[in-house]
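Going by Swiss-Prot, these are the annotated features:
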BINDING   G12, I13, D14, G15, A16, G17, K18, S19  ATP binding site
Amino acid sequence: MTTEGIFISFEGIDGAGKSTHIDALAQAFRAQGRAVTLTREPGGTPLAEKLRVLVLNDAMDAMTEALLVFAARRDHLQQLIEPALARGDVVLCDRFTDATFAYQGAGRGFDLKILSFLERTVQSIQGLEPDFIRNPDLTVWFDLAAAIAAQRLAGARSPDKFEAQPVEFFRRVSDGYLNRMTACPSRFARIEANQTREAVWQDVLHAVQARGWLT
């Protein structure tokens, strides 16, 4: 009997502290015998990683940026995510489409209707039920005030073009995440990221346990 795959994404503005908890959750799933695929967006495949470098570092308009992100996502889905889910893996992805709506949409002001069209087109999966659009089974959103995120990023490693944006940009991005959660609340677990690391981890763990995926 094949174990059903699970797709979990992790979202939040830069500085929210996702990475530590992604690794911890991977360990928790593996401890219960599950195969785990760790990945990220943009990226996850050789082609998508090349596009990631362009998106994070090169100057371009919002449309070019969005198209590159969705091109990377299509390759990521076809080459990595869908095969992993078909094997029954737990796929843990650092950012997915919600980030595109938050960063390119709310942050950069790109047309949300076009993003919705790209989401439907790029994330439709052949062979599954009609009109199926691949999105995570659970999205863990690390909600952090923009000003606190800016403090965390100050003096860190050399920032990419998004990390170097002003606080107001991250306020818009946070609003974009809130709008996505409001549109699909059952998919989201909102985590207060301005807590101790252990408190944040407990909230993440409880969100996954509530779905019956960990004991």
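Here the Cβ of each residue, glycine as well, is placed from N, Cα and C on the backbone.
Structural mapping of features recorded in Swiss-Prot.
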residue	record	CB count, 10 Å
G12	ATP binding site	24
I13	ATP binding site	33
D14	ATP binding site	22
G15	ATP binding site	20
A16	ATP binding site	25
G17	ATP binding site	17
K18	ATP binding site	24
S19	ATP binding site	11
Message: Can you tell me whether DSSP puts A16 (ATP binding site) in helix, strand or coil?
response: coil
- line: Those same-chain residues, other than G12, I13, D14, G15, A16, G17, K18, S19, found with Cβ within 8 Å of the centroid of the ATP-site Cβ atoms are F142, L144, A149, A193
